[in-house]
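The structure appears below as structure tokens.
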Amino acid sequence: MTIEKTARLSPRDLLVALLINVTWGLNIIAVKMAVTATAPFTAGALRQLIVLLLCLPFFRWVPGRMVPLAWLAALNGAIYLIFVNVALEAADNVSALAIAGQLGVPFSLLLGIAFLGERIALPRMFGILLAFGGVVVLVFDPGVFRELPGLVLMATGTFTWSVGALLQRKLADVPALTIYAWIGLGGVVGLLPIALWAEPGAMAALPDLPLRSLGWLVFSAVGSTLIGQGGMAWLLQRHPISTVLPLTLAAPVIAVCASSYFFGTVLTAPMIAGGLLTLTGVVIITLRSARAGPAPRPADISKAP
């Protein structure tokens, strides 16, 4: 059955968009809470185990697609979370990390230019410069500069995620939840041995993990996977990409503001200026991409981390 697409949004559509933005925006809070309650590799392994269990009904061998799928599972299932979770353990300024996490959008665009021969017009190039320039401005805040290792780790993790997003373009005919099942498996296989070796105390303490901490872990897995990906797939079935993609722009704003609220981070002038520059760049890229290209997969436009 074919669903006719329309640009008009119903109250139900707007509610779904709101849930997507809230879950993606609060995801960095959930990951930080989980890392604090356990340890970086342990939290990552548990999160990916939950993703694997949720997507297990969709787990299947995909003939002719296993090489890019295996690389994607390793990159976005394990390596990406190593960088991001260690960054969140090392840094206290989660708002700054949330801003750096938005570099996934310009990174993805640059990788498309480098490896897929894509061409972009001046507005999107300007958006890329703004996004990167905003993160540079952050460093002029002395408090943020002290957390430079965390920023570098977050940016590296975001780049890893962008490489994974590039690989997902080779998996256009593979259901998103099948992809996430493999990503979950890659995370468990990659992170669990590291957690057992490097964090035996955290692993041994898991039976005593408070329900609140477990709730944050479940939220990070369910929010980014089922609600985020499922909601985007549902909206893209019913509306043009030019209508849907701008609806996700509130997520990074929620991430920065929620991080400041939850962790008591003071938003200084350099942080505000850098955040505005980066978010403006992301807005320009997102709006121009919505007008310019074919509909992306929901997994390609999810918000890191």
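Glycine too: its Cβ is placed from the backbone N, Cα and C atoms.
Beyond the ends of the transmembrane segment (14-35), by six or more residues, the same chain brings 43, 46-47, 84-85, 88-89, 94, 97-98, 101, 213, 216-217, 219-220, 222-224, 227-228, 231-232, 234-235, 244, 247-248, 250-255, 258-259, 262-263, 302-303, 305 to within a C-beta distance below 8 angstroms of the stretch. Per TrEMBL, transmembrane segment is recorded for 14-35 (among others).
Among the features that TrEMBL reports, domain 'EamA' is placed at 14-139 (among others).
Here TrEMBL flags 41-62 (among others) as transmembrane segment.
Under the heading transmembrane segment, TrEMBL lists 69-88 (among others).
Residues or ranges marked as transmembrane segment in TrEMBL: 94-116 (among others). A Cβ distance under 8 Å defines the sequence-distant neighbours of the transmembrane segment (94-116), meaning residues of its chain 6+ beyond its ends; these are 28-29, 32, 84, 87-88, 124, 127-128, 131-132, 134-135, 138, 141, 144, 147, 150-151, 154-155, 158-159, 161-163, 165-166, 169, 252, 255-256, 259-260, 262-263, 265, 267, 271, 274-275, 278-279, 281-282, 285-286, 289, 300, 303-305.
Marked as transmembrane segment by TrEMBL: 128-145 (among others).
If you look up TrEMBL, you'll see 149-286 (among others) marked as domain 'EamA'. The DSSP breakdown of the domain 'EamA' (149-286), given as helix, strand and coil counts, is 123 helix, 0 strand, 15 coil.
Look at TrEMBL and you will find 151-167 (among others) tagged as transmembrane segment.
Among the features that TrEMBL reports, transmembrane segment is placed at 179-198 (among others).
According to TrEMBL, the transmembrane segment annotation covers 214-236 (among others). Below 8 angstroms of C-beta separation, residues 13, 16-17, 19-20, 23-24, 26-27, 29-31, 33-34, 37, 43, 46-48, 50-51, 54-55, 176-177, 180, 244, 247-248, 295, 298-299, 301-303 of the same chain, each at least six residues beyond the ends of the transmembrane segment (214-236), sit close to that stretch.
For the transmembrane segment (243-263), same-chain residues at least 6 beyond its ends with a Cβ under 8 Å from one of its own Cβ atoms are 7, 9, 17, 20-22, 24-29, 32, 92-95, 97-99, 101-102, 232, 235-236, 275, 279, 282-283, 286-287, 289-290, 296, 301, 303. Per TrEMBL, the feature transmembrane segment maps to 243-263 (among others).
Same-chain residues lying 6+ beyond the ends of the transmembrane segment (269-287) with a Cβ under 8 Å from its Cβ atoms: 95-96, 99, 102-103, 105-106, 109, 123-124, 126-138, 140-141, 144, 245-246, 248-249, 252-253, 256. What TrEMBL lists as transmembrane segment is 269-287 (among others).
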For the domain 'EamA' (14-139), residues assigned helix / strand / coil by DSSP: 108 helix, 0 strand, 18 coil
Model confidence over the domain 'EamA' (149-286), averaged pLDDT: 88
Recorded stretch that, among 69-88, 151-167, 179-198, has the most CB pairs under 8 Å to the transmembrane segment (41-62): 179-198
Stretch among 128-145, 151-167, 179-198 sharing the most Cβ pairs under 8 Å with the transmembrane segment (69-88): 179-198
Cβ-Cβ under 8 Å with the transmembrane segment (151-167): same-chain residues at least 6 beyond its ends: 68, 71-72, 75-76, 79-84, 86-88, 90-91, 96-97, 100-104, 107-108, 111-112, 115-116, 135, 138-139, 144, 299-300, 304-305
